[in-house]
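**Student:** The structure is given below, and queries will be raised subsequently.
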């Protein structure tokens with residue numbers, strides 16, 4: 001577990017953080033520029049020093065103002081991945097990976113290299129690598145030091161979209177397989193959805209939210225970060241049924257299911273996180289009997305939000321909320337009201 005209780009004055013920013021982070025999983029840190037995100041992980045890494053408070057990682061005290069403890073960065077057993085890859089241009093990939101390791105554990109080396117898909121890059125030099133490949137090497141180098149925690153400061157921010165998609169797949173696999181906590185600074189809600197278990201929302205140096213991603217997502221506190229043109233529903237559901245003939249799998253939603261294309265990465269019992277755009281959800285008063293849409297679910301209207309060009313409808317299905325966006329015309333014609341039983345038709349689901 002990571003325990004942080006610190007205070008630091010950074011110009012006009014008063015950074016005050018008090019939290020406990022679990023010993024495993026990805027905790028995303030979200031906030032606007034200047035909110036204190038990078039400052040917080042730099043304090044944890046020992047690159048800067050708080051004016052008071054303490055930082056503990058497991059049984060080890062990294063910093064304690066009252067006790068006069070302030071371990072040097074290299075003694076904190078922390079892996080740090082920066083926005084820039086910071087590889088040595090005159091070293092091969094293999095040498096870059098091993099840099100900083102007192103003794104190289106060959107089995108661990110091969111495990112990390114395979115996990116990040118960089119076996120074929122070992123004899124190459126940074127100048128011949130893509131941005132995504134460079135960041136994978138930088139992540140590998142951090143992991144090979146066998147850190148007790150991994151800090152990542154916007155590792156995808158310098159990459160173009162194809163490279164981001166490439167690297168986020170590796171990061172997702174990494175998050176599931178490494179047995180250490182990961183602190184992940186980002187501006188991207190998409191990265192949070194794909195990678196994070198918990199979310200810290202920082203605003204002007206203060207924590208205004210810290211909870212499971214799904215819980216923060218559905219709270220009003222994240223509204224300013226989301227699209228003004230539609231709502232995005234975020235659900236985390238167990239995979240509990242397969243339809244092998246049509247290569248589909250069903251995610252359990254109470255007594256109902258959401259069907260998605262089968263993927264080899266998941267098995268029965270695994271929890272999958274999905275998003276549903278409100279523009280991809282329509283509403284009917286009766287269950288449609290013959291439709292090409294597979295996901296038709298029964299629910300109750302719990303909230304109605306009218307806009308100039310549309311109406312957003314929140315529908316409670318079992319214990320999960322899904323948003324639909326419909327036209328003003330449709331809203332008037334259907335005469336929808338809170339508490340009404342209706343059916344939603346979901347045209348598209350994203351993993």
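Note: Cβ is positioned from N, Cα and C throughout, glycine not excepted.
Copied straight from Swiss-Prot:
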DOMAIN    1-229  domain 'ABC transporter'
BINDING   31, 32, 33, 34, 35, 36, 37, 38  ATP binding site
DOMAIN    290-351  domain 'Mop'
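Could you place these features in context, so I can see how deep they sit and what lies close by?
**Tutor:** Cβ contacts within 10 Å of residue 31 (ATP binding site), excluding its own Cβ and spanning all protein chains shown: 23.
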**Student:** Is it possible to get the count of other C-beta atoms within 10 angstroms of the C-beta of residue 33 (ATP binding site)?
**Tutor:** 7
**Student:** Show, in sequence order, which residues other than 31, 32, 33, 34, 35, 36, 37, 38 on the same chain lie with their Cβ within 8 Å of the centre of the Cβ atoms of the ATP site.
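**Tutor:** The surrounding set, listed in chain order, is 39, 202.
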**Student:** Tell me, if you would, which residue among 32, 37 (binding-site residues) has the fewest other CB atoms within 10 Å in the structure shown?
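**Tutor:** Relative to the other binding-site residues in 32, 37, 32 has the fewest Cβ atoms within 10 Å.
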